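Participant: These came from TrEMBL, pasted as-is:
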DOMAIN    10-212  domain 'Glutamine amidotransferase'
BINDING   CYS85  L-glutamine binding site
ACT_SITE  CYS85  active site, for GATase activity
ACT_SITE  HIS197  active site, for GATase activity
ACT_SITE  GLU199  active site, for GATase activity
ACT_SITE  ASP246  active site
BINDING   GLY334, ASN477  substrate binding site
ACT_SITE  ASP411  active site
Amino acid sequence: MPVSDQKLYLLDYGAGNVRSLLNAVEKLGHRIEYIKTVEDFAKADKIIFPGVGAFGYAMRALNNSGFAEPLKAYIASGRPLMGICVGMQVLFEGSDESPAEPGLGIFEGRVELFDKKLKSVPHMGWNAAQVVHQENVLATAVPEIGEDSRYYFVHSYAVPYTGTGAQRGIVHSATRYVDQAVVSSVWSRNVFATQFHPEKSGPAGLALLRSFIEHDLVRPQSSAGELRMPGDIESALTVRVIACLDVRANDQGDLVVTKGDQYNVRESADKGGDVRNLGKPVDLAKRYYDEGADEIAFLNITSFRNLPFRDTPMLEVLRQASRSIFVPLTIGGGVRDSVDPDGEHVWPAVQVAGEYFRSGADKVSIGSDAVYAAEGYWQRKAEGLVPLDGSTAIEQIAERYGRQAVVISVDPRRVYVSSPEDASGHHVIRTAFPGPNGEQYCWYQCTVKGGREGRDTDVRQLVTACEALGAGEILLNCMDKDGTNSGYDIELISDTKAAVSIPVIASSGAGRPEHFSEAVEKTAVEAVLAAGIFHRREVPIVAVKKHMQEQGISIRSAEDGV
Ligand code: 1PR
């Protein structure tokens, strides 16, 4: 059947960002419809099943909508299915994530939690998918999956790769995350499924999607053979380079990318005092995608004044950006419970986040509200109450959309003290950069409302509480370093990284390529972020990556990014 005549469907159960997939398919010049009723399964020539969120949520949604059995029947009919992430996991028998909820059982095996002993969980970032077939026809059957390409993974649970038993008939590629090899794609007859997200994996991922849509990825029958052993699967996770765009309306009311010096985004009075304008949000973000950014973050920096979902220009920025950018997008600003100006209607944070996801975001970042949530957490602990009561935005968004979708944006500043006793019980570090009066110690004070208000909470209290509440990642800014080009605050980053087992993004102060490698080498952060030097074209992303590669740091190559 000509590709133009085939009916391509998307199986969605409303748990997150399927807009990226829709956008990717459209970018490839194809149309895709949603499966809305059980009858649609009969009309479909091909189905893409992008799973996001938790395993149990996905299975309950499939069962409650009555789609589980028609999906099994569709697979049995031999028509092609592509599963993505949780859309791959539910094809197995079950998952540690939701032990009470059986999977579809198409494949033998279970999904297990990553062992956290040696590494940050979730496994988040760009990694290789290594084809496991030895010398047979399958080894090169899907050339879009190549050893040199990197794909975007984000998951806490995975099917352990053994290379034996039933896996010999179904596993196509495996991926190593530190000490564990896991299944990263399966291929059995008409079913091709990936643990990674092709729709978020730049040109390499788009090529794989194109292959599924325009050709038939049907596995040759007599092709089972010996597989590589788990020990042969090498670790290839890269350090992510993230471009961050602080967005706000300028004095003329246009949304612009701005950039602060220690959070002050206005020019000095002698230059007119205007909000600095470094470009248009969508144009700049597209430029970073083309230049090989592994991720892009938008921070809506004045959203504490407004309701984000009433901020239609910001949502439009996200919609437009997600149409041409196929790497993960994070958006922050205003993710909290909000009250309408009429004073009557309360909008829960999870609804604000939902609006961001529907507009194209993959993750939301929470700033001020995370500080209040952490304060509540420690308060409940001090009172002997259950610290996790489901009341916070972090818990609710993580429950609905998965913890990988919740980033905590930290806006700390240094408070110098002469001795640890002067820090009112806060976690103190001994610093190699003494304070203005020669103080040898400091603690890091959390702020809210874009640094306008300091709180009696330190960064360690914040990040440990947020991890316990269900956050998936820490975006670690530093007000003292922001916009200074003097390098990251390595002391802050090391101290924070040691306190959590979720990924940490180093932010604030990058001025030269050496600053990025220094942060990775000294603190083992999973990602490095910059704003000003990218906006002002002082240091291109490709120069950062080239330098890191020369230092022996694993990065996604520029060829994969453009
Ligand atoms: O509190 O949940 O509504 O979120 C508000 C968000 O807006 C927070 O994530 C907060 O970090 C951000 N924000 C608020 N005010 C500012 C400001 O600059 N006046 N931006 C602001 C924070 C810091 C980084 C920056 C890095 C790298 N900007 O995002 O990109 O410091 O900069 P550099 O490479 O140029 O040094 P809520």
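Using N, Cα and C of the backbone, Cβ positions are placed for all residues, glycine too.
What TrEMBL says about a protein is an automatic prediction, not a curated fact.
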Participant: Please give me the recorded positions out of HIS197, ASP246, ASP411, ASN477 that lie within 10 Å of CYS85 (L-glutamine binding site), comparing Cα atoms only.
Facilitator: HIS197
Participant: Which of the active-site residues listed here (HIS197, GLU199, ASP411) have a Cα atom within 10 Å of the Cα of ASN477 (substrate binding site)?
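Facilitator: Those near ASN477 (substrate binding site) - Cα within 10 Å - are ASP411, in sequence order.
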Participant: Measure from the Cβ of GLU199 (active site, for GATase activity) and count the other Cβ atoms within 10 Å, all protein chains considered.
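Facilitator: Taking every protein chain into account, the count is 29.
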Participant: According to DSSP, which kind of secondary structure is ASP411 (active site) found in, if we only use helix, strand and coil?
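Facilitator: Looking at the DSSP assignment, ASP411 (active site) belongs to neither helix nor strand, so coil.
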Participant: From the recorded positions ASP246, GLY334, ASP411, pick the residue whose C-alpha lies nearest to the C-alpha of GLU199 (active site, for GATase activity).
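Facilitator: With Cα distances computed to GLU199 (active site, for GATase activity), the winner among ASP246, GLY334, ASP411 is ASP246.
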Participant: Can you check which residues sit near ASP411 (active site), meaning Cβ under 8 Å from its Cβ, same chain, 6 or more apart in sequence, and list them in order?
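Facilitator: Residues satisfying the criterion: TYR263, GLY367, CYS446, THR447, VAL448, GLY450, GLY451, ASN477, MET479.
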Participant: Does DSSP give GLY334 (substrate binding site) helix, strand or coil?
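Facilitator: DSSP assigns GLY334 (substrate binding site) to coil.
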Participant: Do any of the recorded positions CYS85, HIS197, GLU199 touch ligand 1, in the sense that the CB is under 6 Å from one of its atoms?
Facilitator: none
Participant: How many whole Å apart are the CA atoms of GLY334 (substrate binding site) and ASP246 (active site)?
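Facilitator: Here the two Cα atoms are 13 Å apart.
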Participant: Could you tell me which three-state DSSP class GLU199 (active site, for GATase activity) falls into?
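Facilitator: Helix, per DSSP.
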Participant: Where does the mean pLDDT land for the domain 'Glutamine amidotransferase' (10-212)?
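Facilitator: Per the prediction, mean pLDDT sits at 91 for the domain 'Glutamine amidotransferase' (10-212).
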Participant: Could you state the whole-number distance in Å separating the C-alpha atoms of ASP246 (active site) and HIS197 (active site, for GATase activity)?
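Facilitator: Taking the Cα atoms only, ASP246 (active site) lies 26 Å from HIS197 (active site, for GATase activity).
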Participant: Counting across all protein chains shown, how many other Cβ atoms sit within 10 Å of the Cβ of CYS85 (L-glutamine binding site)?
Facilitator: 28
Participant: My understanding is the cutoff is Cβ-Cβ under 8 Å with a sequence separation of 6 or more in the same chain; which residues meet that for HIS197 (active site, for GATase activity)?
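Facilitator: When sequence neighbours closer than 6 are ignored, HIS197 (active site, for GATase activity) has SER20, PRO50, ILE84, CYS85, TYR151, TYR152, PHE153, VAL154, GLY205 within Cβ distance under 8 Å.
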Participant: Reduced to three states, what secondary structure does DSSP give CYS85 (L-glutamine binding site)?
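Facilitator: DSSP call for CYS85 (L-glutamine binding site): strand.
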